[in-house]
Amino acid sequence: MFSHLRNRLSVNRPQALSSQIRAASTMKEAIVSRGPRVHIIDSPIPKAGPGQVVVKIEYAGSNPKDWKRPEYWGSKATMNQGDDHSGTVYEVGEGVSDFKIGDRVAAMHEGKQPGGSYAEYGVSWAYTTIHLPEQTTFQEGAAIPFAAFTAACALYAKLDLPYPRHPVSDDQKIPLVIWGASSAVGSYAVQLAKKSNIHPLICIAGRAQEHVERMIDGSKGDIVIDYRKGHEAVAQKIKANLSGQKLEYAFDAVSEMGSYQTICDVLDQEIGKITLIIPAQSYSDIPKTIKKSVTTVASVHEDLKEFARGFSTYFGRGLQDGWLKAHPQEVVPGDWRG
């Protein structure tokens with residue numbers, strides 16, 4: 001389950017259990033601890049509280065934080081760490097009107113709470129649950145919520161870029177650097193930025209550059225730069241693609257190994273904004289004149305609940321209309337034991 005899958009999101013499929021187990025109102029659930037180690041236990045099938053949805057899970061998506069949290073925090077983070085899943089609605093809680101039993105959905109579970117995705121049934125809030133059209137498979141669906149919500153938070157809540165419903169006019173250029181554009185979070189950021197008509201997109205990637213090339217629009221100045229060329233070469237290529245324009249916005253979906261330092265060398269030192277994704281770092285070496293922020297998807301459960309609800313609807317429509325594409329997946333065999 002936790003093997004490193006470069007530029008692909010790992011998904012796992014729970015194996016069906018007997019009707020006797022289901023009738024007993026229990027399920028199998030995977031508990032992740034330091035190592036990482038996975039222990040399969042029997043747990044009660046969760047109940048939907050007010051505003052919640054319980055999903056019978058077909059696929060669960062794995063994210064790097066699923067093993068990092070137990071590794072860093074030990075017993076405090078020993079729990080069902082899964083936060084991405086897809087399947088059919090099993091139960092809806094009080095006040096939920098957008099979903100009904102049997103609906104095909106993808107959902108993001110609230111981290112550090114019971115009812116995680118590494119189980120036969122998982123819990124999500126209605127505002128982080130996405131309707132899946134028939135053309136989107138459950139496997140694809142499990143690769144969407146966590147990364148897509150993170151990308152939306154970065155671009156619109158942190159960088160305050162124009163929303164897709166109010167796209168930039170064709171005669172206006174807003175350069176945006178996306179470092180880690182071939183990652184799951186990065187590739188959803190690219191797709192969202194395009195819907196906002198934000199160009200040129202200056203995408204930084206490595207071996208998966210072809211994946212990024214297929215998403216961007218070269219006719220609008222979009223480009224992919226290989227970070228393996230080194231700090232100076234990347235900085236020079238970013239500058240060259242700006243054509244003399246100031247760089248105001250950057251999303252660093254990697255936030256390590258010199259990525260944000262390279263970006264900050266090119267960002268405008270007076271109006272530049274950068275958002276990063278590793279909350280444990282201080283980023284104290286970023287110049288104080290540059291506005292920095294850290295994007296955490298947990299913010300959708302705090303002051304961005306309606307923001308998340310709006311994007312849940314938008315993502316569902318994007319899948320239906322065909323412009324939103326799931327990040328490439330790799331299915332790990334052996335259900336949660338994989």
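Backbone N, Cα and C define each Cβ position, glycine as well.
Residues annotated as NADP(+) binding site in Swiss-Prot, with similarity to another entry given as evidence: 65-68, 182-185, 205-208, Tyr227, 277-278. Over all protein chains present, the Cβ of Ser182 (NADP(+) binding site) has 27 other Cβ atoms lying within 10 Å.
Among the features that Swiss-Prot reports, substrate binding site is placed at Ala147, Ala148, Phe149, Thr150, Ala151, Ala152, Cys153, with the record citing sequence analysis. In the shown protein chains, 25 other C-beta atoms lie within 10 A of the C-beta of Ala147 (substrate binding site).
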Ala184 (NADP(+) binding site) versus Ala152 (substrate binding site) - Cα distance in angstrom: 12
Among Lys65, Arg207, which are binding-site residues, the residue with the most C-beta atoms within 10 angstroms of its C-beta: Lys65
Cβ neighbours of Thr150 (substrate binding site) where a neighbour is any other Cβ within 10 Å: 25
Alpha-carbon distance [Ala147 (substrate binding site); Arg207 (NADP(+) binding site)] in Å: 20
Candidate with sparsest Cβ neighbourhood (10 Å radius) among Ala152, Cys153, Ala205, Ile278, the listed binding-site residues: Ile278
Proximal but sequence-remote residues of the same chain as Phe149 (substrate binding site) (Cβ under 8 Å, at least 6 apart): Met108, Thr128, Val297, Val300, Ala308, Phe311
Secondary structure of Thr150 (substrate binding site) (DSSP, helix/strand/coil): helix
